[in-house]
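Database features, via TrEMBL:
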type	residues	note
DOMAIN	108-266	domain 'NACHT'
REPEAT	632-664	repeat 'WD'
REPEAT	674-715	repeat 'WD'
REPEAT	798-830	repeat 'WD'
REPEAT	840-875	repeat 'WD'
REPEAT	924-965	repeat 'WD'
REPEAT	966-1006	repeat 'WD'
REPEAT	1015-1049	repeat 'WD'
Amino acid sequence: MCPQPRSIMSSPSTVQEVADSQELTSDGKRCLSQLDRPAKFRRVTAETDYVPASIEDALLRLKTNRLLEYNQLVYIFPMAKPNLQAPDNSALPLMDKVREFLAGNGQVMLIMGDSGAGKSTFNRHLENKLWTHYEVGGPIPLFINLPALKQPDEDLVAKQLRTIDFSEEQIWDLKQHRQLLLICDGYDESQLISNLHTTNLFNRPGQWDVKLLITCRTQYLGPDYRDRFAPKATGQYHCTASNLFQEAVIAPFSKEQIELYVEKFVPLIPRTWVKKDYMDKLTTIPNLMELVRNPFLLTLALEALPSVVKNNTTLSNLRVTRVELYDTFVDHWLKVNKRRLQDQTLKDKHKAFEDLLADGFVQSGIVFQKDLAEAIFQEQEGRPIVEYSNRRDRSSWKARFFDSEPERSLLRDSSLLSRTGNQYRFIHRSVLEYFFSCFIWDASRDDDEFAPHVYSEATGVSLPVTDHPLSKRSLVPELSVIQFLAERVQMQPIFKQYLLALVELSKSNPQAIMAAANAMTILVRAGVRFHGADLRGIRIPGADLTGGQFDSAQFQDSDLTGITFTKAWIRQADFTRARMNETRFGELPSLREVSEVLSCAFSPDGRSFATGLKNGNISIYDTTTWIRIRVFQGHEMGTQSLAYSKTGFPLLSGGSFGTVRLWDGETDTIDHVLKGHSWGVIAVAFSPSGMQFASAGADKLVRLWDTRTRTVTFVINHFDDVTGIAYSPDGNSIASCCYGHVQVSDTQTGLLVLSFGTSDVGYCCLGYSPNGQLIVTGDTAGELQLWEATTMMPRIKWRGHSGSVRSVEFSPKGQWIVSGGDDKTVKVWSGYAATLVSTFTGHTEGITSVAFSLDGSLIASGSKDRTVRLLEVNSAGFGLDVDGAFDSKPSVAYSPDGRLLISGSRAGVIQQHDAESGEIGLVIRRQEFRANSVAYSSDGRQIAMGGSEGDVTLWSAHTGAHENTLLGHTMDVRVVAFSPCGQWIASSDDRTVRLWDARSGTSIQVISGNRVSFVRSLSFSSSGTDIAFGGSSGTVQVWDVTTGKCKMEMGGGSFGHCFMRYIPRSLRAVSCDGRKGVRLWDEKGRYYRFILQHSRIFIQHFAFSSCGQWIASVQDKTVHLWRSPLENRPQDWEYVLAVEGCLGKIKEIVWRPNKLEFATADVGGSTRVWRIVERFDKVVVQLLWGAGGSGLVASGSLLNDAIGLGTFNRNLLR
């Protein structure tokens, strides 16, 4: 007899029960239970409170029932990161974090995770352990399934207790005398937006005394999610008490956790496969290990794998997606249930079962669940729990699924549903979303011939539109449903054609507009590119085209109302006469000034914004229109610093000539000019009360001024030029910094309170957190540091910028830190863990000032490039579904046959793309090391990665398996190359070039010396016997690999920009000096002549096309193309055109073999592939595809007569 599968799915995240580990922390120490150690819970004792017997009897019954209901066959202890932006390798045991919460003063803990990460499983496990250790009078664990309660934002605890038969008297006694640990599961599924702690008045006098633990899917949250969970400060219900709030994010399974899971999974029921069979398949099928790091998907995968690999002999070519796992698992589940029913005596249901078999049991089960999912979305707006009463609901839509009719009863009992009393739900939210996506598009179904069809002449596809689910509702909010459908697009070309036909149909049929908007959203999420596409006249209002690729697309006369184009690629797109009302781009246009921007500030009411300029002027903008409304003139030179008062004077400024000025915003006049500093004023600030302000300057002094009398009250001395000041939120302290020193002084006495000094750090800026507990500093080394404000004890220190940090500030609620530096980037960090959230590029010169608006919705960045950029904090890409934090892509390489392209990132990830489509195949992760350089072997079978820690690693290009590590370098390996003959590997760190035997991995030669420094290029001759390299020493060299002797050395180049490469299929080489141009050398290494020079172009990288007729050179974000002269014109190469659009400085450029295509990798995290097209003596460069990175690119877009496009957005796109 086949076993019943429901025993497994009753605990979808099956986990290991290891009794001893329950009492151990992650470092192996014994962990006291919460009853053994001093706890922050209030316990009932004989001396304090009376415990009614009826209460303890009821609690004993509840404890017994809950312990009996717990059915976790296997449990893997989850790991958790401190926040959403933290890397996976920062994770610690989640149970340790919860124990800390239980033992501390915190009142709310939020546990986040992706769908299927194991949140509910952990909650049930936690409840079980708390009940196991429960003693009379102790805190009471109460598991609450939030979607099962109506309006849980009010009277939450009492409602839950009533469902488990507690009387009103018992509820009152518990409220008055006991403390509860509330484990609230499914905040997202209940579709809540309120703060449960606030709306239920928890921990207020006379109310429930609780510790509140809440779980929620990350996809449901926005950037300001903490407002929904953090307790409010006592007496200040507009402010959060961040010290009472904790959070954790369940991390994906590691390989070790997956192996342990499989080990415990295999013995559950008799199987033909053993652990090794499962692990072999998981590791061999490309990217499957990455997919099953999600516990729920791992469960599905293990059940489905035998069917997935059946009759597939070449597993390394097999691709498995999430939707395929669900497809296979559902089919497997229904087949097992069919066999179960066949082995049972069904009595009165026998006829119904025979009818189902005749119709196809599996297909009938799928249809039943698809229809139920559609009804839940249609009738309940997606709320997952369905309550059914046969007496009350027999005439409602629910009866079609939950009445006692035999066929429906059989299908219901065989479906992926769970039941608690009269409540039904799919076993997991993702299962509901999967079946709803199947209702929208099912690959196995035939189009209903009786549905109303509309024919599209453009595609020849007959479409049912009016009654189609895509026409019923916008799917934009349903991210998981969109993702399932996007994977269908990638799997089934017919679905892609269907969606494209809907988009085309919207041009002529108004009934198709909603369906077309959904279709376009799905297509963009699926990665379908629309470069050069004819989209004239399409109508897709409300579609989400975030990250879409529309290079040179034709949008004329289209309806793009309410479209989201955040971080989309719309370079050279034509929007003539397109309707673009309320179209969003994720950022505002830059403000352009006549002089360098040195400082900027938002007014407290948010209505004004000020910029301080190098010419001494101050520009004031109206933030509703972003029009300059006035200009203050007075400072003779740079306005170095600005500050608005929160309560009094409008504006304070500090100038380079040592004056401080107060401005009257109503009369546009100077109210006071204050002198005292003998050198330039670098920083100014108002106290929170507005009764005092401070100025700091190059005279090594901080002056504290009385706002009312305009007189100096205290002078604070420093050791060097004072570069930054900030008041504490309570106004009692002021922090200031200079080179090598940070100190905190008392604002009422001027006396020094705290001080920290180090001679090797030049501090540039600082700021207080809104709660006053932290200080953040930025320095000349590009590092940021968090300090305990009350002790100046250092906390986290991290490298933030490649140049000096010029400005840093906490967001108004403290969840973010923004920094700007000389490296021209603005970066946003988590204010809690200092992990990178997002990077903004776009400035062409260094950042001088950054500021949050007072509501936290905007970041302003001022720069020496004379602009201020305005960035929307709530825009897509800054939210929680960001594609990952900033991940520089420093290297790319094509396979020898040109079919594949690999990219390596600073995060230690190598991605292998199809060179034509950009589709990602193989992914190699080595997160503890950076991938500085990547290269293919000459036969395309191996990939070499030069990384941090001085190693060169070799990987199978077919399976991604690690094959060898070449050890010898002592610093980061920055360049790596294979010889064309396949015999040698060359690599270089900052001081040596090493040659290795490619087969054995042994070192055969080391080249070193004063002139081998920061090697930037390695190039083998076509025969593989010579190797050329150039570096920052300004020299290029050629060495004979066979003899180990230097054949040629040429010096005199520009420091840091010297390269040497061999011309493809030639014995001749070229050297590149960034400032002087490209020189040609003959076969014997003799200088021949310059072939490429340009007075206005500084060459930072260059590469030859495989035909040898094109050169691509790089200057910052721009690629310059050069073409070989005709044979009868032997002069310098011809300059053709410039290609712009990369998101950051280009770090690598390579040509595709045998194609006029080249790829770029930039520090913005993007890989772009470009194609050269020659038409009638005109050269055009088209974007073929792009991957990674994210940012709005709109250069060259046409906006003539675009309808409804506001001035802001029009200026932005220009």
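Heads up, the Cβ atoms here are built off N, Cα and C, so glycines get one too.
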Counts of helix, strand and coil residues, the repeat 'WD' (924-965), according to DSSP
3 helix, 24 strand, 15 coil
In the same chain, which residue numbers or ranges, 6 or more beyond the ends of the repeat 'WD' (924-965), come under 8 angstroms Cβ to Cβ?
87-89, 284, 286, 290, 316, 890-897, 900, 902-910, 912, 971-982, 985, 987, 989, 996, 998, 1001
Residues outside the repeat 'WD' (840-875) whose C-beta sits under 8 Å from one of its C-beta atoms, at least 6 past its ends, are 222-224, 566, 584, 586-606, 609, 611-612, 623, 626, 803, 806-813, 816, 818-828, 1143-1144, 1163-1164, 1191
Can you tell me which parts of the same chain pack against the repeat 'WD' (632-664), counting only residues 6+ beyond its ends and a CB-CB cutoff under 8 A?
596, 598-604, 608, 610-618, 620, 670-686, 688-691, 693, 695, 697, 699, 705, 707, 710
Roughly where does the repeat 'WD' (840-875) sit in mean pLDDT, to the nearest integer?
87
Summarise the repeat 'WD' (674-715) as counts of helix, strand and coil residues per DSSP.
0 helix, 24 strand, 18 coil
